[in-house]
Every structure is written in C-alpha cells, then in structure tokens.
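A.B. asks: The structure follows.
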Amino acid sequence: MRVNNGLPPQELEAYGISNVHDIVYNPSYDLLYQEELDPSLTGYERGVLTNLGAVAVDTGIFTGRSPKDKYIVRDDTTRDTFWWADKGKGKNDNKPLSPETWQHLKGLVTRQLSGKRLFVVDAFCGANPDTRLSVRFITEVAWQAHFVKNMFIRPSDEELAGFKPDFIVMNGAKCTNPQWKEQGLNSENFVAFNLTERMQLIGGTWYGGEMKKGMFSMMNYLLPLKGIASMHCSANVGEKGDVAVFFGLSGTGKTTLSTDPKRRLIGDDEHGWDDDGVFNFEGGCYAKTIKLSKEAEPEIYNAIRRDALLENVTVREDGTIDFDDGSKTENTRVSYPIYHIDNIVKPVSKAGHATKVIFLTADAFGVLPPVSRLTADQTQYHFLSGFTAKLAGTERGITEPTPTFSACFGAAFLSLHPTQYAEVLVKRMQAAGAQAYLVNTGWNGTGKRISIKDTRAIIDAILNGSLDNAETFTLPMFNLAIPTELPGVDTKILDPRNTYASPEQWQEKAETLAKLFIDNFDKYTDTPAGAALVAAGPKL
C-alpha cells in the first residue's frame, strides 16, 4: 500500500469507497503537471502542454454545465427550505431526488472510484473562517484535482493538519447511470446533492465547472439563512477602500471588468457580504478565453502560465493556442490561482462593504442603454429579473445568443427562493448606502457588441463618481436614467435609439423586450412586495 502524505484509507472507506490502495493527497502543482502530461494517459484524462506553459485539457461533449442533470435529495433537511423546480411559479433546476435513487447513484460513483489511484484535495469555500465550507474533493483524474486546487482556497499546512471536511464531492466522471429512465431522470449523467449527508456526486460529465458551481449552490443555501448575502458577482476594491460588486451571468463581463489595473481584485465570480464586508468564496479565477488577446485583456492573458489549466481550447502542433477558434465550444476557459493576477487583495480575498453595485447584462435585442442609474425599486426589479442574453456555449445546446431571465443573475445556482436573496442584498446595500447601476455589455442598433473600451470607460465613470454627477435624461418605456455624456465614451451610443437607422426600429424592439420583462416578472406578483415592484419595470 502506498499512501501519499498520510491520509488514511479509512477516511475514504467511510464514504463507501473500497479497496483504497493509493491516495495522492493534496498534490503539489509540480506533481499535477507531471501527472497530467503522463504519456500513458488517453482520452479526456490527457493534458497537452501549450507554449504559454499552461496545460490544456478537453472536457468531451460537456463543455458547459448540464443543468438538466442536476438533482437535490428531497428529505427532512430540504423539503421546506429549498426552491424546488416542481413547486411555485419560478423556473429553476432544483429537481427533487428520492433518497433511494441517491443511494443508487452513490453506489455507482463509489464503485467507480474503488480500487483506483485517487486524487484527494482538501480546500475551503469561503474566505471568512466563520462561515466557510471545508470541502474534500475525490477524483481519479489528475486535471480535475488541479482544477479544484486552482479554484478553491488552498489551506495552509497548519489548517490541513486539523482539516475536518464539512462537505464531500465525489467525482465519478467516467461512470454513468444505466437505470436513469426507470428512475425518471433526464439522462444517464447526473450531478446530485444530499444536504443531510453533505455530499455531491458527479457522473458522466467531465466539465470541471460542476464542482465549482456545485459548492456555490451549497453556499447559496447556507449563507442567506444566516442573513449573509450570497452573490453571483465579481468584486474589486479601489485605493481608498471603495468596494464594487459586478453581478452578471456567464459571458457578460464579470471577470473582464473586475480585473482592472487601477483596482485590486477580490474575486471574479462568487462572493458573500456579511457584517464585515464582501469576501470571496474562491481561491482562483475561471475566465472565458474565446477571442482572448493580450492587447484587450492583458491581465487575464498573462495569468495563463504554468499552473493555469486551459479547457477546450485549440492547441496547434507547435503548442501555440488559437484563442479565436470556437469549434469545440464558445465556452473555452482557463482556471488559475488568484495570485496569477498581480493586483489582488492580500493575504485574504476580502474587503469592506460595497458602495457600488453593478448589474451587467448582455442585451441581444439592442434595446437597453450602455448604462443607467437605478432607483431602489428598480434595483430590486432588475435583480429579480436578471435579464441577459444566454451566450454561446456556457450551457450545452446553446450556440446563438438568446434572451433569458435568470433571477438574481444566477438562477441556476439559487437554492432558496429569489426573493430571499433580494431581501438580504437590499438590507446590505441600505446599510452601506450603496448605489446600483445597470450596464449593458451586449449589442446596440449597429448589430455590433458595445466595445470593451467604452464599457471600461463607463465602469470608470461609475467608480470615480462622475456618473452620479452627470446630467441625465429618461429612456421611455423602460424609465431608465441615462447620462447625457461621460468622459471617454462615444456620446452617440449612450441613447440606444441613436444607434438605429430610425427611432421606430428601436421602438419596435423595445416593445418586444418590455413585454418579455413584464411576462417574466408576473411570477413575483403573488406577494404584496413583488406586486409593488411592477411599477419599477417597463411600461407598454
């Protein structure tokens, strides 16, 4: 028996994994590098070395999350608290699973992992020691261990010595469920959670993001019940300690816009907001790389080096990367430890209370302005609406931009009813005197996407206060307050009507989008608080 770094096999046997004879426990980056490039590896386990020093892997047919294969055990722990897909008006991915089917899936995964050489990574989710989850990840694939080492908070040697996992993630990517039809499931693949056992099981999908977003869903369950905001957002802090958070769905610009040489990064995707301020859940970043260039996004480009892990990019024979090639997926990605970005909050990824709250949307209709300043009611309305365009490739089967409404800019990861997140966020914003803004990083009447240069200038105007002092006019139908001019921004684009050949073209599209907003918000009108917010939305 050869056990690395002293994790006793009995610890894994307690989860149902048998015949444990080789554990690679909390492997170093150097060891993972050797393992991933082992010439004997085949299929999706195999890594390829790129000219930038980072290893690249393929995740197979799953190049994004598979929300239709997500299940939560419905039992006494979750029955009355979880936001269930089969109850109420709201649409979500929290499909109930019986304890019996859970046991069957657990058997599949533990049999898959039994008798194998296993990688075990112990890490934290959450930078606040009072509320963090201690998570143990178990996988037979080296690069999956590398992914979680990048993405979660790496414990010190001292913390590892006393590490007691609160949550177990068993990744059996190589196994599938042949009995899925009889069990009434979506497919042979599964991503299942049990809050009583505090465990996640993965089968059939190799996509690393299932482990990252799985733990985000769990934080989204545990923290708001304690009055702590749990947010699908990036965050950064200025020289004077001013904190900004950027909400948005995948591909709307959270990572790009929060990675700013003038400000220190707190994190790029998942945060909490408690009595002390804003804190990161993660220890790394997961950036989209499609059409990445050193000129447009130097910080992210320079983060792609040894210890970073690329997913689904095209690597040429000579090891160079074609970042423009989306033939495998538009959702090409790189994970890297957060310290690959030079300008970060140290030693712990947390800061004070946020004073600027930015909602990012990628409007495929070309109706919304590039920026508007929201009232308190509009803040709640647009947070609960969570409008964007679903961008290509972040979920399976989506290749063209399509409009979507995702509550709290992250409905796929919500474990409680959206109004619970809105209540906690509003409470935190009011206490901090925070102001919210809606920023469209999508399209306008030209048919082109608003440039990163213009969007960055808009973000600068929000953060330095010049937008708050700007003269504004009101966009009809949506009743949004828009600045008449901003430094460094082409004035013609501020009013979206000006980007069309005629204002009637905008009007026609605006009516279509306004109706979608109104129809979507109907699901919140069954409470007095929700009904009161209707006035903050568009009017036909």
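Residue 1 is the first one shown; counting continues down the chain.
A Cβ is built for glycine as well, from the same backbone N, Cα and C atoms used for every other residue.
A quick note: this is a predicted structure, and the numbers were derived from the prediction, not measured.
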A.B. asks: Can you find which of Lys181, Lys213, Lys291, Lys294 Swiss-Prot lists as binding Mn(2+) at the same site as His232, Asp269?
C.D. replies: Lys213
A.B. asks: Which of these, Tyr71, Tyr207, does Swiss-Prot say binds substrate at the same site as Arg65, Lys213, Arg333?
C.D. replies: Tyr207
A.B. asks: Among the recorded positions listed here, Lys87, His232, Lys254, which has the most company in the form of other Cβ atoms within 10 Å of its Cβ?
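C.D. replies: Counting Cβ neighbours within 10 Å, the top one is Lys254.
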A.B. asks: So of all those recorded positions, Lys213, His232, Arg333, Lys523, which one's Cα sits nearest to Thr252 (ATP binding site)?
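C.D. replies: Going through Lys213, His232, Arg333, Lys523 one by one, the Cα closest to that of Thr252 (ATP binding site) is His232.
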A.B. asks: What is the interatomic distance between the Cα atoms of Asp269 (Mn(2+) binding site) and Tyr207 (substrate binding site), given in whole Å?
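C.D. replies: Per the Cα atoms, Asp269 (Mn(2+) binding site) and Tyr207 (substrate binding site) stand 17 Å apart.
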A.B. asks: Of the recorded positions listed here (Tyr207, Lys213, His232, Arg333, Lys523), which is spatially closest to Lys254 (ATP binding site) when Cα positions are compared?
C.D. replies: His232
A.B. asks: Give me the largest Cα to Cα distance among Arg65, Tyr207, Lys213, Arg333, the residues the record lists as binding substrate, in Å as a whole number.
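C.D. replies: Largest pairwise Cα separation, rounded: 15 Å.
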